[in-house]
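Note sheet for the following structure.
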Amino acid sequence: MEDDCRPLLSTEYVGESCSNRDSTESLDSKIKRPFHVEPRNIVDDAQQERVSAEAAILNSRVHYYSRLTGSSDRLLSPPNHVIPQPEEIYIYSPLGTAFKVRSSESSSKNPSIVTIFAVWNTMMGTSILSIPWGIKQAGFTLGILILIFTGLLMLYCCYIVLHSPKSIPYVDTSNWEFPDVCRFYLGKFGQWSSLVFSMVSLIGAMVIYWVLMSNFLYNSGQFIYNYANHINVSDATLGTNGSEKVICPNPNTDWGGNSTHEILLLTNSGNTSDISSFGHWWSKTSTVPLYLIVLLLPLLCFRSAAFFARFTFLGTLSVIYLIALVTVKAVHLGFHLDFHWFDRSQFYVPEFRSLFPQLTGVLTLAFFIHNCIITLMKSNRHQENNVRDLSVAYLLVGLTYLYVGVLIFAAFPSPPLSKECIEPNFLDNFPSSDIMVFVARSFLLFQMITVYPLLGYLVRVQLMGQMFGSHYPSFFHVLLLNVMVVGAGVLMAMFYPNVGSIIRYSGAICGLALVFILPSLVHVKSLRRRGLLRWPSMLFHSLLILLGFANLVAQFIMEGTCRSLMIQPFGWWKLQERRIMSVLPLQCLLAMSSALRILRLQPEPLSRNTASWEPLR
């Protein structure tokens, strides 16, 4: 019995007498696996280990099976309990020595620090530009609390997704993704629903990229034109004086008091007719979104996206530069905070606001990585540390969002400007003549131009692979798909270029399925199959699903959305000139009316004293 516990590899010499050889049949097949390699394959002179007698006996069994595999009868193949795992293979010599084989697969694994920053880099996206706006919508104090709470909630749901393949017994799930897990527990409905919402998240990201690329290209072109023609500033914009200029592109003229803001008059020394002609052909919402088609539509038709994958490191550089930019601006501007817990003032917003669901929608997309977390964590060298590394990555992402959001909100100069002036893309609060912001926009523009074809490739692979069984069925199929995706981005950039609202709607829709519903259902099903389901767990995950529904419905029933819906028939073109939200899908109106019927709420009467109700002339 003592020999049964002896390891296969031993540092002690083994004697010639093997009185206990008949006991080797009881060896644990999972722990003490045999191995066999011909002696001529021993090429390493490194430190070697002695092979125990049990290992020699089991090696003979493997050698015997290897002689039988030449037969055409598959029943003579070695059973699984005899074949060693790849990580347990040793080169063995009849002379009694062996050493472990280092497979190329294990050497390609990444250490924990690389895995953590890979998750951080993948999760950090365009949402970081809208975090200050989201904090402004929720209130400074409530915004920080919501960011922490949402991060913890998203981490838990991501842990469920990561752990879901391992909870399936008696099935090899080493190559499974989350749609495969959904199919196992929920059937075809689970698989297709996860694929569809994953497609929605990718297409939503492509739409957001198009809007931002149009913005960055417009401002970069404006900077180059102004610099070449010695123009100080192009238009009259509400802003601050001084070396660090901050502007308010869309001011609200009704703050409940007399405005004391400093108006910065913008002058130029060039020809007025040339400036007017340039503005006609270089418009953020009329022409620039169309110019991008010439560049990006051909790139989407490439058969492979391997070339663009080489530029993924630009994402890390862009985030690092944004953090440096935020730090420099905060140091120069200083902090401007005044705490008003519930009352609104002329220059500050309350600490707790009813528009906080706009921040939850943004954060749902900001912390979203659930559809690819299994693939990312497979490259971790130490799989037992996956939960720890995932938690550290979420901590770094949360700290990055907090750093950028808090500094931009706190450093925004109030007075003379109101905190309400913080834009959904905080780079819009800096003039196009700002050199540091110009570099940031150029960096982000080039990064997005390289990432956009990668997103299009993922959309094509998932959609075409499921529909036609081929990733590239024909050039016509691919071109038709790309035209539809690009058309969606162009329409949004021209008629609804509100990055914050697009992000929160995309986050709430995708998060409902891929963050709240499917992971909760999979986890409950797994516990039920193993007989471990208890009512507290059932109640908690049911609340998660309800929270996802509430997050989606809340995006449509907030005051800002209701006001935009009701003013749309009266003055859409007037509002478009003022760059105020105008177009929302019909589903928004239907969801809002249904929610009002259910909750029996009456919308507040809108006052015609506000600027948005000004009659058209």
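Including glycine, each Cβ sits where the backbone N, Cα and C put it.
TrEMBL: automatically predicted annotations, no manual curation.
According to TrEMBL, the features are:
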- 116-226: domain 'Amino acid transporter transmembrane' (DOMAIN)
- 292-551: domain 'Amino acid transporter transmembrane' (DOMAIN)
- 112-135: transmembrane segment (TRANSMEM)
- 141-162: transmembrane segment (TRANSMEM)
- 192-212: transmembrane segment (TRANSMEM)
- 288-306: transmembrane segment (TRANSMEM)
- 313-335: transmembrane segment (TRANSMEM)
- 355-377: transmembrane segment (TRANSMEM)
- 389-412: transmembrane segment (TRANSMEM)
- 435-455: transmembrane segment (TRANSMEM)
- 475-496: transmembrane segment (TRANSMEM)
- 502-524: transmembrane segment (TRANSMEM)
- 536-558: transmembrane segment (TRANSMEM)
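For the domain 'Amino acid transporter transmembrane' (116-226), residue counts in helix, strand and coil come to 96 helix, 0 strand, 15 coil, using DSSP. Residues 126-127, 130, 134, 154, 157, 160-161, 164, 178, 181-182, 185-186, 190, 193-194, 197-198, 200-201, 204-205, 207-208, 211, 357-358, 360-366, 368, 370-371, 424, 492, 496, 533, 537-538, 541-542, 544-545, 547-549, 551-552, 554-555 of the same chain, all 6+ positions outside the transmembrane segment (502-524), place their C-beta atoms under 8 angstroms from a C-beta of that stretch. If you count C-beta pairs under 8 angstroms between the transmembrane segment (313-335) and each of 141-162, 192-212, 389-412, 536-558, the highest count goes to 389-412.
Here the transmembrane segment (435-455) does not touch the transmembrane segment (355-377). Their Cβ atoms form fewer than 3 pairs under 8 Å, with each pair 6 or more residues apart. For the transmembrane segment (141-162), the partner stretch with the most Cβ pairs below 8 Å, chosen from 192-212, 355-377, 475-496, is 355-377. Here the transmembrane segment (192-212) touches the transmembrane segment (475-496). Their Cβ atoms form 3 or more pairs under 8 Å, with each pair 6 or more residues apart.
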